[in-house]
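> Copied straight from Swiss-Prot:
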CARBOHYD  N52  N-linked glycosylation site
MOD_RES   M1  N-acetylmethionine
MOD_RES   S8  phosphoserine
TRANSMEM  26-46  transmembrane segment
TRANSMEM  56-76  transmembrane segment
TRANSMEM  115-135  transmembrane segment
TRANSMEM  150-170  transmembrane segment
Amino acid sequence: MEADDHVSLFRFPFKIPTFRGIRKGGVYLSGALYALGFWIFLDAVLYSRYSNASDVHVTFIDWIPFLCSTLGTLIVNSIEKNRLLQGALSSDGGAFGSGVGDLDSSMAWQARTVLFFGFALLAGGLSGSIVVLIIKFLVKDYNTYPTLGMGVNNVLGNVCILLSCVVLWIAQNVEDEYSYSLTL
């Protein structure tokens, strides 16, 4: 193995840039995407409350996908990324054994399970907003823009939150040359 190679989970055919500002820029972009998604959804809520002339309004049912996406984002981005590969990188390969390797493998599976629930909440939030759009607006033949726009804004807000989570996940996983890994 060459000195340039490093152990990673995925092999990309291109080199990911590793300068200092990419992590900070990714975090800022993620925050901007979340704020945009929140504002798009809040715009639909405020329009429904104060300017809507139709008989369809934003109710708690419309908030559920948004809350699921937000909770999924919090769960996914609160997991320490080094916990996911902990058991696989131990000396025994994460196999069934005794000692520290078994504990590392257990922690890795717990982290993977929580990560799965976080991504399931994100997917449920996005699919829930699409279902609300279809059932509440399209099936009941509310297909004019100001009324249909409330459902479209719900979907767009959830898409922005999902993209925010993905950008933050990538930004947190970018390794820069100035980070040090100290293990005891």
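Keep in mind that glycine also has a Cβ here, set from the backbone N, Cα and C atoms.
Give me the lay of the land around each of these features.
Same-chain residues at least 6 positions away in sequence with a Cβ under 8 Å from that of N52 (N-linked glycosylation site) are, in sequence order, P146, T147, M150.
Proximity of distant same-chain residues to the transmembrane segment (26-46), defined by a Cβ-Cβ separation under 8 Å and at least 6 residues beyond the stretch ends, is recorded for 58, 62, 66, 73, 149-150, 153-154, 156-161, 163-165, 167-168, 170-172, 174.
Here the transmembrane segment (56-76) has Cβ contacts under 8 Å with residues 34, 41, 44-45, 48-49, 114-115, 117-129, 132, 136-137, 140, 142, 147, 150, 154, 157-158, 161-162, 164-165, 168-169 of the same chain, all six or more residues outside its ends.
Tertiary neighbourhood of the transmembrane segment (115-135): same-chain residues 61-62, 64-76, 79, 84, 151-152, 154-155, 157-159, 161-162, 165, selected by CB-CB distance under 8 Å and a gap of 6+ residues from either end.
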> Which residues of the chain, 6 or more past the ends of the transmembrane segment (150-170), have a CB below 8 A from one of its CBs?
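For the transmembrane segment (150-170), the far contacts come to 26-27, 29-31, 33-34, 36-38, 40-41, 43-44, 47-48, 52, 56, 58, 62, 65-66, 69-70, 72-73, 76-77, 122, 125-126, 128-130, 132-133, 136-138.
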